[in-house]
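Notes for the one structure printed next.
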Amino acid sequence: MRSFRSLHLLLLAASAITADAVPAGSSITPPPPVEPVSLLSSHSNPQRPWTRLRNWVIESIWGIPKSQTSRPTAHDYSAPLQGSTRYGSDVVLRFRVQGLDEAEALTEATNILFLDVWASTTEFVDIRLAKEVIPSLLGLLPDSLQTAYVPLIDNLPEAISATYPARRSLGLNDQFMPSPSTRAPDLFFEDYQPLSVITPWMQLMASMFSSHARMINVGVSYEGRQIPALRLGRSSQPGESRPMILIVGGNHAREWISTSTVAYIAYNLMTRYGSSAAVTSLLQDYDWVLVPTVNPDGYVYTWDSDRLWRKNRQPTSFRFCPGIDLDRSWSFEWDGNQTQTNPCSENYAGEEPFEGVEAQQLAEWALNETEHNNARFVGFLDFHSYAQQILYPYTYSCSSVPPTLESLEELGLGLAKVIRLTTHEIYDVTSACEGVVIPASGDKSAKSLFPVGGSSGGSGLDWFYHQLRTRYAYQIKLRDRGSYGFLLPSEYIVPTGTEAFNAVLKLGQFLTEQDYPGIRNIDWESEYQVGDETPTQESTAFTDESHEEEGKDVTVDTDDEDDDYYDRWEPLKWEDQRPLGFRRRR
């Protein structure tokens, strides 16, 4: 309690001190730049009183001694001991699936053996299982699949352990002398962070950039934890109806990179306000709400007990199998009672729509914003991992075509292009239903598609697009393509975040050019962050021979003559809803 009071007082002090240090202007012309928090920067000139107090606040919260010149010791969040026991003999295999018969056989076999399907795309299915179960799985598969697999991860406990921050010793040979440009991301985004660090960090950022950021909660989890979010924006007319973009991560607890990525996006939006014309414009024209983890209970559980836990932590009808898949718990086209009724399944959707507490809480918050605060959702980004895909509605069915399909595809291709120009990583763009299916007979051009892992009704993506008529709604599956899966090393946090932040800027550009045509004079190309990676550096993509072949099928053109394609947009109008979707006005 005492430490909580101390933290609270420190944050209040930081908020009061920095209130006069943030830009006060509301015009599109950027006000004086807001300096981001610098945890280890040196000063050649005497510090002003508020600067000294600000640094004291940060030192007190982060535990950085004033005289320390080496990199601070990370928190000791070593891998749980249960990991080596629970996953001692587990491996991850990738199966190449061709045709409906193989897809159905693999789906049935994984259901019979209660296996954990890590990813399923039009090209492959990744499955985690114990080595001693491999013969049983192969015995249930047709001959064509008996040899159609390769190992992705052959030592799962070691891979799990590597994702936790390691305790670092600060010996004389390990000193790190920071440059004056050393900033908070060098520390916070150096490792994955537990919720006990993320929440105070969000509070600190909100207090430091209080002119355009504030901490909110969008709900309460089953175990009673707040679901924290950062709300960013600066309106010249308080209380006016403003378009809103919602960015969420951490629906599935084990997808740590999604949580870090949302935090990275929030950080860059906050710190670049005032110095970036694009970010300043976006925060003055739109409200942004960023939720690093929708599933705080599950996220905490991955740190304390089981790194690969996926669902939330609420009880089910089977006491030994808690948890509901929050991304199958939404009400639109919910089909959990038809597809997956086993509480032990990783995809268990509950016994009724919105049984997943956190999904229900987020939906209530969104509805309250639209009904009582005049909010209009115009963008929704739901970050997941892994597979490097940009998915648009609908998830529940490939036979239902979204009414704004052309616009969704156009912007989706634009997002993929920006990412590729940033770090040279390829993100596929497709319907969310195709993200979990394979074409009939292995023919990618075929129109008849069959699910690998069952229906995916009840997704948040479909709900925001259909129920709230969010114009641009995407589920983005981040890195990688299988080399590490859910266990992406921490050195990829910043490159992945850079990709995602540039994609967010592209979304903002798309919206701005639609909503303010010819008004906002912004050089968007100069605003994108430059990725640290080059084509010659190690890629996170799986590089077996068959995977290299699939890269040839990417349809996003990079020719300069086609650049203007990504900037064109033809508005489509909405009409009354039908039971299964919208009609597009001709």
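Glycine residues also receive a Cβ, built from the backbone N, Cα and C atoms like all the rest.
The annotation signal peptide is assigned in Swiss-Prot to 1-21.
For 191-511, the entry in Swiss-Prot reads domain 'Peptidase M14'.
Following the DSSP three-state reduction, the secondary structure of HIS384 (Zn(2+) binding site) is strand. Annotation source Swiss-Prot lists Zn(2+) binding site at HIS252, GLU255, HIS384.
Long-range Cβ neighbours of HIS252 (Zn(2+) binding site) (same chain, at least 6 residues apart, Cβ-Cβ under 8 Å): SER258, ASN295, GLY298, ARG310, LYS311, ASP325, LEU326, ASP327, HIS384. Taken from Swiss-Prot, the feature substrate binding site applies to HIS252, ALA253, ARG254, GLU255, ARG310, ASP327, ARG328, SER385, TYR386, supported by similarity to another entry.
Its Cβ placed at the centre, CYS321 (disulfide bond) has 15 other Cβ atoms within 10 Å. Taken from Swiss-Prot, the feature disulfide bond covers CYS321-CYS344.
What Swiss-Prot records for ASN337 (among others) is N-linked glycosylation site, and it gives sequence analysis as the kind of evidence.
The Cβ of ASN368 (N-linked glycosylation site) lies under 8 Å from the Cβ of no residue that sits 6+ residues away along the same chain. The feature N-linked glycosylation site is assigned by Swiss-Prot to ASN368 (among others), with sequence analysis given as support.
The region 'Disordered' feature in Swiss-Prot is assigned to 529-564.
Residues annotated as compositional bias 'Polar residues' in Swiss-Prot: 534-543.
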Item to complete: Would you kindly give the Cα-Cα distance separating CYS344 (disulfide bond) and ARG254 (substrate binding site), rounded to the nearest Å?
Response: 17
Worksheet item: Which one is it: of the binding-site residues GLU255, ARG328, TYR386, whose Cα lies the shortest distance from the Cα of CYS321 (disulfide bond)?
Response: ARG328
Item to complete: Using all protein chains in view, find how many other C-beta atoms are within 10 Å of the C-beta of GLU255 (Zn(2+) binding site).
Response: 27
Worksheet, complete the sentence: Nearest to GLU255 (Zn(2+) binding site) by C-alpha distance, among the recorded positions ARG328, CYS344, TYR386, is TYR386
Discussion item. Excluding near sequence neighbours, so keeping only residues 6 or more apart in the same chain, what lies with its CB under 8 A of TYR386 (substrate binding site)?
Written reply: TRP118, ALA119, GLU255, ILE257, LYS477, LEU478, ARG479, ASP480, ARG481, GLY482, TYR484, GLY485, PHE486, LEU488
